[in-house]
Amino acid sequence: MSATTPDYIEELKQTGDFLTLSRNNEWHLAAGEFTLNNGTVVTIHDTGVIEFQPATVSSKDVVYSSAVHGNETAPIEICDELIKQIIAGELLLKQRALFIFGNPQSINIGLRFVEENLNRLFNGHHSVDGVPMNNERTRAAKLEQYVSDFFSRGEQGSSRCHYDLHTAIRGSKNEKFAVYPYLHGKPWKKSQLQFLLSCGVNTVLMMKSPATTFSYYSSFVHGADSFTVELGQVKPFGENDMSRFAKTKQTLTALISQDKVEYPEFNADEFELFTVHRTINRTQNEFSFPFSDQAENFTGFAKGELLATDGDTPYYADVQGEAIIFPNANVAIGQRALLTVVPMAIDSNFI
């Protein structure tokens, strides 16, 4: 922490506009700290990384990240509003909270990323022998450090959670859905499904292998209840119908401003769960899908229907109802171009 007070502190106290401050300092911002009248300690760790420590002892350490992809604006707007409410003293926290705007430069240019997809660089994938560093790789390494530091300073026995908030490139038959990272054999939690349902998310995709995502990092390294949460479709700033995110914002607010949040009793019938059937990577320059760019996530295919063509290799649906998630024919060679999923039931692997 710098011994001198950064120039931006007084303006931030007045406006609460940490988003604009971060956008004006795309890759670095000097650390700073101040205390609100209600006793909450505000710590700016870097551009896009701000921590709130309530005056009272907390039982949860909560991370909300957005702008890991800079053009996914609805989650950015939600987090911007929450940060402003906290700094204005309108929202009194009961739990420690770390807010992250992942990639401020990509926000400014209105694209998913600048040089490289940030959400392919976590869990150590930012530093690979023979691969030169760039701003996004450096940023991923720093974000891991900030999350590690935040969790390490929590109260002993505190629960840890990280919700990485996104919107999807294309529409979805299930507008909002979450990705539950691979837990390496540990049970899934019904309580987390209840939290997601309270956010307006009743569709959950269960991953079956390690990943390079921010949410997998927090789950695997820190044991956090962690999810990638897709809240709808990508739209420019000012074009989001924020009423569609009211339940999400209310639930995110309650988690950090209440000692304990009560959710409705668990009912398996309220959820649609899917498990990954397979991953299709792009390995050739010539890669295409037979469906249009308007094809929605969770669109199902009949057994034998063409799903993708990678060079001379066709991929056909090999089970009835095999559904597509995150199709993107423009990914870099070697990266995932498509996930396919099949329905699953809530079973004994849930607690």
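Glycine is no exception: its Cβ is also placed from the backbone N, Cα and C atoms.
As recorded in Swiss-Prot:
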- His69, Glu72, His166: Zn(2+) binding site (BINDING)
- Glu230: active site (ACT_SITE)
Alpha-carbon spacing, Glu72 (Zn(2+) binding site) to Glu230 (active site), which is rounded to whole Å: 10
Pairwise Cα distance for Glu230 (active site)/His166 (Zn(2+) binding site) [Å, integer]: 5
Glu72 (Zn(2+) binding site): tally of other CB atoms within 10 A of its CB: 25
For His166 (Zn(2+) binding site), the number of other Cβ atoms found within 10 Å of its own Cβ: 25
Neighbourhood of His69 (Zn(2+) binding site) by C-beta distance under 8 A, where only residues 6 or more apart in the same chain count: Gly102, Asn103, Ser106, Arg112, Phe113, Asn117, Leu118, Asn119, His166
Helix, strand or coil at His166 (Zn(2+) binding site) [DSSP, three-state]: strand
For the Zn(2+) site built from His69, Glu72, His166, further residues of that chain with CB within 8 A of the site's CB center: Ser66, Ala67, Val68, Gly70, Asn71, Pro75, Arg112, Leu165, Thr167, Ala168, Val234
